[in-house]
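Q: Pulled these features from TrEMBL for this protein:
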DOMAIN    56-316  domain 'EML-like first beta-propeller'
REPEAT    107-142  repeat 'WD'
REPEAT    413-446  repeat 'WD'
REPEAT    457-490  repeat 'WD'
REPEAT    541-582  repeat 'WD'
REPEAT    583-620  repeat 'WD'
């Protein structure tokens, strides 16, 4: 980390305050810890442990790539998580100590991806399933932290096994299932072997999505992509029953849980949560949720449970009244932009794909969601008076919303030809400046009822990536991916100065005294420029890999922050040009970041849908 700075400068670590994020695409990724006080779930390459009452978060860092599966032992002492990695490389399984919140061991044998994990009921063994490029099942000893034995997970003429479930009573039996394969395995410890028995389903061909074992091991259940449930006996290896015969669950049964009092909880790929019983499997109770259900986590015996969906919602459901409460939500697409309203750090807005969301900073609560279906929002800005959120969309429209209600106030149709890619407002609230995918910069006059095009400035040859306006509204700077930054005179509506560099500019900032600007982009260099004549003052090496996508400067201009494709948030001293602090925590490319007004926090957003809040390292 210290390569780009002088050796004597000590680099501090940024303190991570909170994370808004949940990866809903991990099957059974949401878990409730046996202490019934904590939720455990994955986000990118971290595992989060969140207290249910106090909302306090702890982070398990250790994976080098996205977490693909997660499990907790029955006693609650251990957590195991697996990851994906690049083709041909080994994917790690990490065994964590839950109480100390630290890494116990790295178990690596599988190639490419770890598909699923399960602990034995007495914490003796961990069984892991490799991904499609690996195709093996491995049993690990938890005491020795080493592999006992392994075997190909499925036969030669069937598909891959994708789920695994351990027996609830004995440490020597587990079940794997997948595309056309259902196997019950016996562990033979003295000979270090596992012996599979194929289960017979006759004429039925099914692809298993999820499995669950009954409390007393009498049966196990499979949810299939067809939308029905298979009930099998692990002793006789025979099919007991299947259902429902008609009205199968749309988009498959993607999550399944056995309740102690009898009956099953099912989640479907269409977001339907159902309580049903064998043998009919018809819904006794049901509710519709947003997004396909990927996990159901029981709290204790299941009197209360948590449901995670692919749209990154976590719901709490009480079994008796079967009503859902949304307890956590976040973006499930890449977050494109983050912006604070002028002069307050209490809330901020982010945009991703079709959503604009307004968040309360301290509690991480979502206050408002504005959705424009099938469109992508590229950027947003608050008007200085706080009466509207101006947003840039890929259908070439500029939309303004009321920040309290989310009501659409006005639309500027066909503002740009190839989508609006950047947007900024002036501090007198009379103008909006927008940049488009074709490279035009347009100045709009905003009246009470009218929005008028004042001027279209055609200089850039490629899309405009960032716009910043000077405090007195007489000048603005636009950065573009054609390798130029242009400083415009907003009074005469002409070009003042042009800056050329061999890079795709991604971000630009005015120094608060406004005689210098700093830029950065895909060449990883942070450059300081003179506004007056456009000459370069100095260049810093901004990162060791990947482009720099976001940058913000404090109101005093003493420090600035950058973030990019190396997943690191860096705080720089403006005058020294040196990194003072580095924040490690993102697992996707950072798309943007802002320092809150009053310099309390840095908030950064990334491609995996996460929003991270960091403590600002210097006293303001």
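Glycine is no exception: its Cβ is also placed from the backbone N, Cα and C atoms.
Since we're looking at a predicted model, the values are computed, not measured.
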Q: Between the repeat 'WD' (457-490) and the stretches 107-142, 413-446, 583-620, work out which stretch tops the count of Cβ pairs under 8 Å.
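A: Maximum Cβ contact count belongs to 413-446.
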Q: Could you give the residue numbers and ranges of same-chain residues that sit at least 6 residues beyond the repeat 'WD' (541-582) on either side and whose C-beta is under 8 angstroms from one of its C-beta atoms?
A: 1, 3-6, 9, 11-14, 504, 506-513, 518, 520-526, 588-595, 597, 599, 602, 604, 606, 612, 614, 617-618
Q: I'd like to know the mean pLDDT over the repeat 'WD' (541-582).
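A: Looking only at the repeat 'WD' (541-582), pLDDT averages out to 91.
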Q: For the repeat 'WD' (541-582), jot down how many residues DSSP puts in helix, in strand and in coil.
A: 0 helix, 24 strand, 18 coil
Q: Let's see if you can do this one: DSSP helix, strand and coil counts over the repeat 'WD' (583-620), in that order.
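A: Going through the repeat 'WD' (583-620) residue by residue, I get 0 helix, 19 strand, 19 coil.
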Q: Could you tell me how many residues in the repeat 'WD' (413-446) are helical, how many are strand and how many are coil under DSSP?
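A: With helix first, then strand, then coil, the repeat 'WD' (413-446) has 0 helix, 19 strand, 15 coil.
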